[in-house]
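Beneath this line is the structure, given in structure tokens, with notes to follow.
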């Protein structure tokens, strides 16, 4: 049976991604000085202005406007003619402390208050909610091929812009890849969409030629491309006005780009700007860690795990696994293995993945999972042998 599946990615200069990177740059700056800092930082951008708001509790000082300007500069908005400029944009901040009602549940979990467990691991979940992790053996990243290729294209767009290969490109851009599957295996690229901001002096034909040769064919294996692959390069014909001048941006609006490109489910919680006591982030990272190790251990060809939490309670209220018919053992047995091999209390996740570190800005663009360019604790295959002992 043949089917098509499509996923998208965006570049670091996309308005929503600017916001994610600013929020995580602020988080990193705080964690560098205060590993126990509590951060829930939201950012919005529009023409000429950045708004930073949220709840932050810390014993350190960070210069938020300076961090904002540095982040925007690194992304590439360095000239007023781009419609957004790191040196001249206004930066407005509105920061409160974390609610004491939330803090009392996170600082000491319900189980600890009842004397049921040690306080080291009894950090309560920072909120209720469900988080999903996913992994598949169809790519070396253990990621679905559509999102893996879309991220490679987006990252390449930034590379050729920054190194001067295509110096007429500007920071904003999006990519989209449609993969054809046969019997659940990826066999070819059916369609590629690239929309990238550019200078007004360059013609559409030149952009199309350059992007196919220096972006698409640079990152996608030739055996996946054929004479029937369709290319849609800046299909409107012109993309000069972009970035925050073209669209306002907001932290947490690219949650599918951040995860699995629509393959598998999503609990709805965004990642950026949140310290690891927020299970929206830490438990989603743990779920990916669990799923990837299970697939690498040969338990299934693809696997999704759901974790659910209650605010102020350490242990997950539920763990669920779906192997989509590819599992080698019963799903109930897989859940038992997960409970034996992984400690999924928030405090244990933070400890085992060493999450109280400034490691988040680097994943705020081009995906939080399946990254081959950076070392991430939740991508390590360090529980495979422990899992195999139960098979």
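Using N, Cα and C of the backbone, Cβ positions are placed for all residues, glycine too.
Of all ranges given (65-75, 76-86, 87-97, 98-108), Swiss-Prot attaches the label region 'Flexible loop' to 98-108. Cα of residue 274 (ATP binding site) to Cα of residue 16 (Mg(2+) binding site): a span of 16 Å.
Maximum intra-site Cα distance, ATP binding residues 14, 172, 173, 174, 238, 239, 247, 253, 254, 270, 274: 36 Å. Other C-beta atoms found within 10 angstroms of the C-beta of residue 14 (ATP binding site) number 27, with every protein chain shown included.
The Cβ of residue 173 (ATP binding site) has 10, 11, 13, 14, 154, 157, 158, 194, 195, 196, 197, 242 as same-chain neighbours under 8 Å, each 6 or more residues away in sequence. Of all the binding-site residues listed here (16, 42, 55, 278), 16 has the Cα closest to the Cα of residue 247 (ATP binding site). Looking only at Cα atoms, residue 278 (L-methionine binding site) sits nearest to 42 among the binding-site residues 16, 42, 238, 254.
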